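In what follows, a single structure is set out as structure tokens and then discussed.
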Amino acid sequence: MGKEQPWAAGPGEGVPLPSQPTEGAVFGWGMNNAGQLGLSDEEDRESPCHVKLLRTQKVVYISCGEEHTAVLTKSGGVFTFGAGSCGQLGHDSMNDEVNPRRVLELMGSEVTQIACGRQHTLAFVPSSGLIYAFGCGARGQLGTGHTCNVKCPSPVKGYWAAHSGQLSARADRFKYHIVKQIFSGGDQTFVLCSKYENSSPAVDFRTMNQAHYTSLINDETIAVWRQKLSEHNNANTINGVVQILSSAACWNGSFLEKKIDEHFKTSPKIPGIDLNSTRVLFEKLMSSQHSMILEQILNSFESCLIPQLSSSPPDVEAMRIYLILPEFPLLQDSKYYITLTIPLAMAILRLDTNPSKVLDNWWSQVCPKYFMKLVNLYKGAVVYLLRGRKTFLIPVLFNNYVTAALKLLEKLYKVNLKVKHVEYDTFYIPEISNLVDIQEDYLMWFLHQAGMKARPSIIQDTVTLCSYPFIFDAQAKTKMLQTDAELQMQVAVNGANLQNVFMLLTLEPLLARSPFLVLHVRRNNLVGDALRELSIHSDIDLKKPLKVIFDGEEAVDAGGVTKEFFLLLLKELLNPIYGMFTYYQDSNLLWFSDTCFVEHNWFHLIGITCGLAIYNSTVVDLHFPLALYKKLLNVKPGLEDLKELSPTEGRSLQELLDYPGEDIEETFCLNFTICRESYGVIEQKKLIPGGDKVTVRKDNRQEFVDAYVNYVFQISVHEWYTAFSSGFLKVCGGKVLELFQPSELRAMMVGNSNYNWQELEETAVYKGDYSATHPTVKLFWETFHEFPLEKKKKFLLFLTGSDRIPIYGMASLQIVIQSTASGEEYLPVAHTCYNLLDLPKYSSKEILSARLTQALDNYEGFSLA
């Protein structure tokens, strides 16, 4: 009789456990005329199929009869299915079962062995020492003393004793036997037993014998390999090691989560793997003493394991390899990007739809540190490939490699959108701005989106990074938006030029169009003129480069006049005296007023103006909260946004949410209303219908806070914001804008606070008698660098019209300092539109500091601060 195995097969059927039986997944294939495969039907199978109904039962052993199957679980339960015509299923019936069903008569007893004959079944319970049999008894194979069929588990006759039990004093110890192991086959039953005296415990089929199963990769295995390789470094030894290292099954079963049998719960949502033990083992392998084994791992991964990963794994348990491999430290080494890292990405991207979703689910369950390491791994691969772009002799290979890395990052990005493992900017690759011509890349992408070919067919499949916008940081996105703006401007200019040629040919030159958006305005009626000018221009005209002409002034607009126009117009429009916006003193921010009597087109004009400022690369000093930029990008503002706009209100609502007591009604005395001042009169606004009659309680306080925030940012300002956004999006709307995060959109419009004062000095330009080494210039920078932060910011506001810097950084300001013939008694003068400072030749640091401070203190500027 052959050695028993943790799987079995009857004639014409097969129901094996997977390569690592501690995982508990059952597969069946072959004849299924009576449902003996447990697949809920009676259809034969030509390939292994997962018995999903047993997934959560922790199956550790299987035995098969001719047309029925019995399985043993880790807890000692027995399930049977298939043919039941002789009662061999033990369900107190002669019916067939196509689904696994528990043998209820054995519940309460911990079974440790099962065995199936042709049409009968055995089960051994060590606590009592009894063997139970059921099914066909025609040949006496049940051992019940008769030849009748039995449809419920019945004890086999005999003197059986429990190994751990005590016999009574009167019992004849020499009559009793201790069961060691049961066997069954055909119409026969055998029991291997021992005398009661000096007996050893019975075999437990639930206990794994490692010799029968897949080799595991652990500290013990590594130690054995190391010894063998040092003693017998021959082909046979190496082949044995490589065979195991190249087996996905060996890796999949090696790092199971043992805590509370977590690995038995493996599912599309639970990987059942201990990644910590994976990481520890790989770290040990990186030591010099394991160099020979590490070499074999590299060879096995490169030549066998990764290339042979299946696109359709047989079960979720076969997918743990995709979590294990990223823990291998050498994947982070750029030397192995082409041979390990990229091929792994390709293998992941080859996965069929369902296993691909499983991996997404597992990634959503891993710790943020693991997820971030995976993101950084493929970001590094992208940078490496872009830097070595010219070394690839075959462009197709480069495109395939880069596309694989980017698509893998895209897959991770989509997972992160749902679970927020890391911040969105973790996916940014700042190096891209220096490694890729973003303008060219965007143009290629734009033409591809339009269905046009930018270049000959040989490189028409060139990867465009703009297809993966989540890797672009704010600067790169701004470059994309400006490229889009220039593209649309050029389209508008070309359209105007084409029309002008047509008009000349038709002798109608008076209808010729300007290639610029030209605004004629008067300083003393700036708002009215701007409304008039912008209302007569079409949406296409707004895409043209802006030129501003102030009435009666001959200055050529090279950018400075346009900047002055934006500063003056926005200063006028945002003035609180018009009641269009409410000024929040504790945050120095503006928000749309609840009530306003100006026409909607004023808000529309502000929106257009803000859009034009972005479109014409002009930073403006706007004091709006992040909530405005969220709304422009269809992101709903929340309580954090109210805390920014109105810290007092925000803190009060947070205190309401955090209050631990039950007496909220008595403590806060609130209902679903909000009080707002309108021209000196306090008005009560209902947050929900009948809100004045709804008291805020512990169970509805979150609803109250949500309604409060929604009123401030949505309901109360709907018509004014709608007019503003329609004007803004008329100029700036489009796919590129949707790529921005709210904070990035704000930084692009009003600048950011990433100050680098040394860079400001290094990029400064000097005119007249001044140079970087002039004594007055040296005094100026010594004085400036000694200023506190707030005073430095005030200088920026004085010189540029904003205390924030453009998104491209301090260098893009490029301030200009020029000498003047005026004496030391004069103050420095700023030409805000040109970032130009007239600096008299002060003879001492004290005088310079005093005059500059006085100029800053006297400056009113364009801001609300």
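Any Cβ shown, glycine's included, is placed from N, Cα and C.
Bear in mind that TrEMBL entries carry predicted annotations, made automatically and left uncurated.
TrEMBL lists 1-24 with the feature region 'Disordered'.
Note on the repeat 'RCC1' (24-75): DSSP counts are 6 helix, 22 strand, 24 coil. Taken from TrEMBL, the feature repeat 'RCC1' applies to 24-75 (among others).
TrEMBL lists 76-127 (among others) with the feature repeat 'RCC1'.
Here the repeat 'RCC1' (129-195) returns a mean pLDDT of 88 for the predicted model. The repeat 'RCC1' annotation in TrEMBL covers 129-195 (among others).
Positions annotated as domain 'HECT' by TrEMBL: 538-865.
Taking Cβ-Cβ distances under 8 Å and a sequence separation of 6 or more, the neighbours of Cys833 (active site, glycyl thioester intermediate) in its chain are Gly560, Val561, Lys563, Glu564, Leu567, Gly801. The active site, glycyl thioester intermediate annotation in TrEMBL covers Cys833.
With DSSP states grouped into helix (H, G, I), strand (E, B) and coil, the repeat 'RCC1' (76-127) comes out at 3 helix, 21 strand, 28 coil. For the repeat 'RCC1' (129-195), the DSSP-based tally of helix, strand and coil residues reads 0 helix, 30 strand, 37 coil.
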